[in-house]
Amino acid sequence: MAIRFFLIACSLAAIATAGNFYREFDITWGDGRAKILEGGQLLTLTLDKTSGSGFQSRNEYLFGKIDMQIKLVPGNSAGTVTAYYLSSQGPTHDEIDFEFLGNLSGDPYTLHTNVFTQGKGNREMQFKLWFDPTKDFHTYSVLWNPRHVIFMVDGTPIRDFKNLESRGIAFPKNQPMRIYSSLWNADDWATRGGLVKTDWSKAPFTASYRDFRADACVPSSAASRCASNAAPGNSGWWNQELDLTGQERMKWVQRNYMVYNYCSDFKRFPQGLPPECSIA
């Protein structure tokens with residue numbers, strides 16, 4: 001398996017960027033509601049009653065450590081969703097999701113995570129954050145290598161989706177993915193299952209982004225530094241997994257702040273939980 005992953009790495013080109021939004025991203029929709037500011041160091045998305053807005057990365061990535069600092073919509077954000085995710089295209093797409101579900105003033109945001117493999121999702125885990133994500137920027141990260149997809153908040157791991165292909169469970173490792181983000185109205189489901197609607201008197205709603213960083217691989221026909229990163233004994237992200245401290249930090253988050261785990265939802269899966277739920 002290690003040799004196969006090494007060969008995959010040789011077909012990739014390595015990049016390490018501390019991104020300027022003008023250089024790294026394209027605004028894709030919103031009719032002027034998305035803006036790149038401060039010489040490319042800040043990006044804002046805005047939602048009003050007419051439309052939301054969004055952007056996507058110019059690069060596609062196949063494995064990497066990707067960080068973005070986000071400051072979420074402040075105040076009464078009920079009904080809004082700020083989505084930040086990686087995705088390939090097509091009916092058998094792979095996807096790695098952060099979605100931030102707005103709430104009434106004073107109530108915590110819900111951080112919704114999901115992993116799609118070969119077009120199949122239904123792997124939701126949801127968390128309440130242990131800070132106010134609207135007061136300042138916080139770093140939301142994905143570490144994606146051939147063995148793990150690890151979700152992190154300010155460096156603290158909250159979820160580890162492991163490669164269990166040996167048990168017949170698909171893992172995202174063959175399809176390059178772009179980064180996408182959008183701010184949109186989802187008051188039919190986002191807040192308390194759609195019971196709380198968007199208060200348009202509070203519009204426009206704005207989410208802000210800065211300090212994008214990607215230490216990642218992109219598809220290429222040339223041999224690359226990704227291969228050296230993948231070499232046995234290298235401590236880079238390609239071989240990274242949670243050590244005992246990281247595992248304990250993740251357990252702390254899940255014990256204290258996780259509010260939904262698909263692996264505990266027997267009503268949703270009456271014929272039996274997904275197979276990865278029974279594998280430690």
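Note: Cβ is positioned from N, Cα and C throughout, glycine not excepted.
What you see is a predicted model, and the numbers here were worked out from it, not measured in a lab.
Going by TrEMBL, these are the annotated features:
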ACT_SITE  Glu95  active site, nucleophile
ACT_SITE  Glu99  active site, proton donor
DOMAIN    15-209  domain 'GH16'
CARBOHYD  Asn103  N-linked glycosylation site
SIGNAL    1-18  signal peptide
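Calculated from their C-alpha atoms, the gap between Glu95 (active site, nucleophile) and the residue listed as 'N-linked glycosylation site' amounts to 25 Å. Its Cβ placed at the centre, Glu95 (active site, nucleophile) has 18 other Cβ atoms within 10 Å. Counting every protein chain shown, the Cβ of the residue listed as 'active site, proton donor' has 19 other Cβ atoms within 10 Å. When other Cβ atoms within 10 Å of the Cβ of the residue listed as 'N-linked glycosylation site' are tallied across all protein chains shown, the result is 21.
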